[in-house]
Each structure stands twice: as structure tokens, then as C-alpha cells.
Amino acid sequence: MGIVKITDQKRLREKKRRKKTRNLLIFLIVIHLIINLYIWVFVLKSENILIFIFFFISSLIGILYLYNYIHKKMLEKERKRSVYRFR
């Protein structure tokens, strides 16, 4: 038949990878918020909100770029493992 079934092991690996990436994204965002609040309260002293907003948005873009890079590396690692298993 034309339909390929995904094995339970493959499904579990996919679920584990998704959980890892979700935890990584949550960790990066929490660190991002802590750093931004520190800068806003102690460095800018609640003045000049536009600089804070600019820094917040630019660092959020940087975090999303970093997340995508790490996600690609994790997928590469998973592909290498699957190729190694089938040899």
C-alpha cells in the first residue's frame, strides 16, 4: 500500500525533540526578559522607553534566529543518528 506508517519509536523521538526545542525557547525567552528588565530598571532608570522597545524587539529577533539555528542543528543530529542506525 502507498501509506507509510510512522513507527512508535520515530514518533517518540519526534515528541522528545519537540519538547527539547520548546524548553529551549522558553529558557531563551525567560533569560531575554530578565536581561531586558535589568537594563530598563537599572541602566535606563525607566526613562526613554523607545530605546527599551527597540532593544527588546531587536534582541527578540536575535533569539528567534538563535532558536532556528539550534533547531536546524538538532534536526541534523537526528538525521545523522538515523542514518547511522540503518547502516
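Just so it is clear, glycine is given a Cβ too, placed from its N, Cα and C backbone atoms.
Long-range contacts of the transmembrane segment (21-43) within its own chain (CB-CB distance under 8 A, at least 6 residues past either end) are made by residues 52, 55-56, 59-60, 63, 66-67, 70-71, 74. Residues or ranges marked as transmembrane segment in TrEMBL: 21-43 (among others).
Annotated transmembrane segment per TrEMBL: 49-70 (among others), in sequence order.
Within the chain carrying the transmembrane segment (49-70), a Cβ under 8 angstroms from the stretch's Cβ atoms is held by residues 21, 24-25, 28-29, 32, 35-36, 39-40, all 6 or more beyond its ends.
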